[in-house]
Structure formats: C-alpha cells, structure tokens
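These come from TrEMBL:
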ACT_SITE  Glu253  active site, proton donor
ACT_SITE  Glu450  active site, proton acceptor
BINDING   Asp121, His161, Asp169, Lys365, His370, Thr412, Asn451, Ala452, Arg483  substrate binding site
REGION    57-76  region 'Disordered'
Amino acid sequence: MALTLRSSISFTNQKETKPCKTCDDIVSASSVCFAKTKPSFQRLGVRVKNSMQDVAHDDANYRRRKKEKGREEEGDGRRVPVYVMLPLDTVTMEGRLNKARAMNASLMALKSAGVEGVMVDAWWGLVEKDGPFSYNWDAYLELVHMVQKHGLKLQVVMSFHQCGGNVGDSCSIPLPPWVMEEISKNPDLIYTDRSGRRNPEYISLGCDSLPVLKGRTPVQVYSDYMRSFRDTFRDYLGSVIVEIQVGMGPCGELRYPSYPESNGTWRFPGIGEFQCYDKYMRASLEASAEAIGRKEWGRSGPHDSGEYNQFPEDTGFFKRDGTWNSEYGHFFLDWYSSKLLQHGDRILASAKTIFQTCGVKLSAKIAGIHWHYRTRSHASELTAGYYNTRFRDGYLPIARAMAKHGIVFNFTCMEMKDRQQPEHANCSPEGLVHQVKMATSAAGVELAGENALERYDADAYAQVLATSRSDSGNGLAAFTYLRMNKRLFDGDNWRHLVDFVRSMSEGGRRHRLPDCDSNGTDLYVGHIKGTKKKQAQEAALV
C-alpha cells in the first residue's frame, strides 16, 4: 500500500501533558513514611500537617481547573466534527470504485488525522444510468465497507445534477442517458435563459409535478432514487452513513443555474441571468400575473436585467434605483424565489418521509453568492433565486423552510475574507456568512459549512475556525472540507489540515501544531519516490 508516515508523534491519542492528578492520587503520593529512627512527635506533626495542607491545596486547584474546563466545553468550545469531500470521480462511469488502493490509504490517513468522516456524491447519472428503476449501487457499497473498516462516518449527497461546467468540476458526469433522451425530445425540460440558451445541469423546477420522465414526475424520480438508496443501505444508516444531503439544483445547491461557467458563458463577478424562459416556467409566470390582474407582467422576465457578465449599474433592473425595487420588481422576484422555495419544500418533504426512521440527518446546501453583496440590489443573489436585498432578508425564509422539515442548513464560502476579494466586485463573504448565521439562529435550524474553493493555507483554516463559533448567530454543527486530492497530502498542506481538525475538535482553542509536530510529520499518499514509484502510480489520486 502506497502510504508513508513519518512523525515525531502520533496523530491520535497524543498526550502533550500529563493528566491532572486526582485528590486520591495526591493523597497516595504524599503519604507519610516513617524512618527507622523515630522522629520527634512535634517534627512528625508538622510533616503530616504540611502534607495535608498540600493535598487540600492541590485538590482545590484540581476542582477549579475542572470547573473552568467545563465552562469552556459548554460555551464556544464545543467540538465541531470535520468531514472531507472525496473526489468527484470516486465512482467511474463504468460503475466501479476508482483507484481503490489509493482510496484505502487515504481513508487511513484521514482517520489518523482525527477526521470524523468523508462525503461522497451518489450521482444520478451513474446509479440509474441503464434505465428507469435500474439502480447500480455496487461501487458505493464497496466504499461504505471501506469507510466502516477505518472507523469513519459517511455523508452521502443525492446528486441529481450533472457534474461538469462549474467551479471545481474536474470530470464530466451527465444526467442519465434515458433522461437526456427525453430532454432531446422536449428541450423545455431544462432551464432556459432569455436568449434561449439551454442548460442541461438540472431538470427545470417548472415541471416538478408533471409526468415528463417516462410517466413519472421529476420529484417522483428523485423520491424513487432515495427510496432505493434507503433500502440498499438500510443496515448502515445511522451508524456508518450519518447524513444525507439532498441535491435540489446545480452543484447540488438549492438555486437556479444563473452563473454557468461552461463554454465561457459566465465569468466572475458577473451578475448572471434569470432562468425562467422554458415553457413551464413561463406558463407559471403568466398564471401568477393574471391572478393579480397584471397580465402584462406575465409575458416575460425583466427586459432590462442585463447579461451574464455585466455589473448591476450597467442594467436598468439592478442599478441602485432600478426596477428591482418597483412594484413590478417585487412581483417578479417574489414569484421567482417562491418557485425555488416550493421546489425545495417538495423534495425535502419527500426525503423526510423516506428517511425519517433511519437515524440519519438530512441536509440541504445553499450557495454562498458573495459578489455584489455590498450593492443595494444584490443582483447575483437575485438571479440565483435568493430574494435578498438591502431591504429584505432572503435567507430567513429558506432557513424557516428547512426548520419545518428538520433539515441542516449547509452553507459555503466559510473560508473567505472580505479583504481577499477584488474591490470592483463589491464582495462581502463575511457579511453574507454573518447574515446566514443570524437567519439560521432565528429559525432554530442547525448550520453546517463548507469551503467554496480549494484552500490549503492557514489563513483559510483560521477563518473557518472563527466562523465556527457561536458568538454571533449560529455556530457550526459540522464542517466539510473541499476536497481530497494529492495536494492535500503534501507536507505543509497536510500539517495545516491536521492542525485544523484538532482545533475544531477543541472548539477553536488550538491555533497551531506543537513544535514537536511541526518538523517531523510527513504523510504522502500516492507520492513515493525511488523503488516505490510503481506503487505510487497505482495509488495516485488524480
């Protein structure tokens, strides 16, 4: 197995200091011993008295330290478990576990670092590839057994979206072929922008309740998939598999695909575009406008909302005093965001029914759209379906919808700082995270976090540590690190991860590795030189 580990100390069960002695230990250690020559009674009395005073003093110190430790653990010092996302191509297009030897070595290393578990995407395009109701979970079963063997936990994402075309996508996994066949017959099954550009990342929520997938509705298809997963992995739910993250849009996030990177359509920090031009979404918009006696508002989305790579002030709709804040703007944005919330509610209600007796947590992910956050309109959030502006909290309704079903609110960009962002983009990831922490706290829903981009530096980890605390809004119930690859196991990157996991396990109280571990730790997976080059090639994570 291609794994080397050289360390001055162990990653687990490290004892940096001796444990505090109990009162009984101290009494035993300081008991009076008599020499052969009898000391005077007075001398003996002084010795006993001093010994008992020392015992009382040490016992009082022990009780004080124990009380202080308890207060720390009750406050912001609560443990935050850390998970690590597995590679996107953990399961191959042929339905096999990818590079199983390297995976085994990597899981062993993660366990040694104190990681709670790992996260994996259960791709709809792989599992139900061969036809409706034809599920192949074999590779995922193999992974579950491997995770169990190493004493780790598993978070599984019900990934009903395609892989490819977005930030960090390193492989391509389309929707199932039989679904793509239906889309080719009826292109309105997928999201469409104002210019007619189709996006095959995810089925349009406009047809959630229509039997457009060989006699089943999309929500029924998602429910059948989750039911098959439950029945296949029943023996591992609640023990090895501890969380099901329910995908509800592109990248598994509850949002519209308003900023697609494929083919250079969108570039940071463009405002994106509304995705409401397939025939099902247009029919819904028309019906909503007619219901309030404003038929003309239902003919189309905003005509002046600009294009993917424009800035708010370049548009009539999103500029400082634009139509986003008009009566028409309120109508359209309320309809657009409400459709997204209804989509989430339908799928989460089904997931809750399917998994409610299985002992697993359910979670849903919300995108951290932090660019143009400091403008009045928050244009980038609006096109994604989050009706969040200078005058309206768009995350509280989402948090309340999740609280209704007991869902964990999973949020990204936890590692980002405002000062690290380009000034012209009007970013505020810290302001956004703070708003989400307050919204989830008010709604009474658990908050979990992820990093949005691959980061290996101490600054990013320190920002997550700061965010994890509950001093302003919700603290984090868990954190999932993106993502496991070869770079993660390089010397400095690995040491930063180990330090971070320890800090999260201690409520953020540790800020750096002890000196004894800063020089001797060196763990590589699939990166062994010389005579072990062949084994390294077999175990390399790509």
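Glycine is treated like the rest: Cβ placed from N, Cα and C.
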Which same-chain residues, if any, lie at least 6 apart from the residue listed as 'active site, proton acceptor' yet have Cβ under 8 Å of it: Met85, Lys365, Asn410, Phe411, Thr412, Met414, Phe479, Thr480, Tyr481, Leu482
Which residues does Glu253 (active site, proton donor) neighbour through Cβ under 8 Å, counting only same-chain ones at least six apart? Gly247, Lys365, Ile366, Ala367, Thr412
Since the record lists His370, Arg483 as binding-site residues, which of them has the fewest other Cβ atoms within 10 Å of its Cβ? Arg483
For Asp121 (substrate binding site), what residues in its own chain, 6 or more apart in sequence, show a Cβ-Cβ distance under 8 Å? Leu86, Leu88, Thr90, Val157, Ser159, Cys163, Gly252
